[in-house]
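Asker: Supplied in structure tokens, the structure appears directly below.
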């Protein structure tokens, strides 16, 4: 199933504007060297991050709201609304780094062995193989 993501992303070194289609998702990822703050320009956005104790902190944001994602914590944003949403994101580093968890774990080169991922996620190697196929470059 294809999940729509951004309309577009416009970035300078540490300031970005992100536009989300209805249903658009910025999947779970982390910035190992920067804290991110988002300011909602339009629409609504469901956001969340996971603490180091695996507690989900989440909120539904609307126009004018601000939310912070602390450096190194896994976080996401999703437009669950029926109209587009726009945010300005600011980072406290020009070298923030972005690591998408799905792409990192299931789309790496060389691949993380299926038996490692199947044990880590308590699933079958066949399921891991299927998930990996979703992260392969389109031909």
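The first residue you see is number 1, and the count goes up from there.
Here the Cβ of each residue, glycine as well, is placed from N, Cα and C on the backbone.
What TrEMBL records for 4-129 is domain 'Cupin type-1'. Here TrEMBL flags 26, 31 as oxalate binding site. Residues or ranges marked as Mn(2+) binding site in TrEMBL: 29, 31, 75.
Can you walk me through where each of these features ends up in the structure?
Answerer: Packing around residue 31 (oxalate binding site) is summarised by its Cβ count: 22 other Cβ atoms lie within 10 angstroms of its Cβ, all protein chains included.
Counting only same-chain residues at least 6 apart in sequence, those with a Cβ under 8 Å from the Cβ of residue 75 (Mn(2+) binding site) are 28, 29, 30, 36, 47, 48, 49, 50, 69.
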Asker: Using DSSP, how many residues in the domain 'Cupin type-1' (4-129) fall into helix, strand and coil?
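Answerer: DSSP classes over the domain 'Cupin type-1' (4-129) add up to 18 helix, 56 strand, 52 coil.
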Asker: With every protein chain in view, how many other Cβ atoms are within 10 Å of the Cβ of residue 26 (oxalate binding site)?
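Answerer: The Cβ of residue 26 (oxalate binding site) has 22 Cβ neighbours within 10 Å.
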